[in-house]
């Protein structure tokens, strides 16, 4: 019976240890002003993209930031120019949603059971860029994600403290982070413990 529950227990532990890396995707995030904004993850970690969100009516609807995000190759990342609509990963197009900011999640897993799912490899980098919806901006928002590495600290770019801005994921930026909710809730260790309990009881009999 050991060969049944031991692999499941290992899977439970690996899932419980997965980290979530949050990126606030908007032009006020000073991280996007760096030339090489990079997030380092491990396999089975999550990347949570928090879309632009406005709590009140102080910003006109036409001025609200909306983006189409693409997953692209390195050369397209450098040029900040996607080559195909097939590269669309998400749309951030609900900046005034009543429930709060949209959260879009990517799981960096080696294999996926879904036909349209993405698979990732250790030691590889993956690239995301965005294009504004309904308005034009000169700033290119782009992100590099490297699988299997440690998070490095990059100097924070200068930000005008008087500038009205959206949230940023840099902990040194004194802003209040709203909480978004994922459509795929994370499995907690307690749930796995309940699922594994019948197998452990069978072994003890």
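Any Cβ shown, glycine's included, is placed from N, Cα and C.
Here Swiss-Prot flags 1-17 as signal peptide, drawing on sequence analysis. The domain 'Ephrin RBD' annotation in Swiss-Prot covers 18-161, and the record cites sequence analysis as its basis. Residues or ranges marked as N-linked glycosylation site in Swiss-Prot: 26. Residues annotated as disulfide bond in Swiss-Prot, with sequence analysis given as evidence: 51-92, 80-140. The GPI-anchor amidated serine feature in Swiss-Prot is assigned to 182; the stated evidence is sequence analysis.
Location within the structure of each feature annotated in Swiss-Prot.
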residue : record                      : Cβ within 10 Å
26      : N-linked glycosylation site : 23
51      : disulfide bond              : 24
80      : disulfide bond              : 16
92      : disulfide bond              : 23
140     : disulfide bond              : 14
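Ranked by CA distance from residue 92 (disulfide bond), the recorded positions 26, 80, 140 have 26 at the top as the closest. The shortest Cα-Cα distance from the residue listed as 'N-linked glycosylation site' to any of the disulfide-bonded residues (51, 80, 140) is found for 51.
Distance noted between the C-alpha atoms of residue 140 (disulfide bond) and residue 51 (disulfide bond) is 15 Å. A straight line from the CA of residue 80 (disulfide bond) to the CA of residue 51 (disulfide bond) spans 19 Å.
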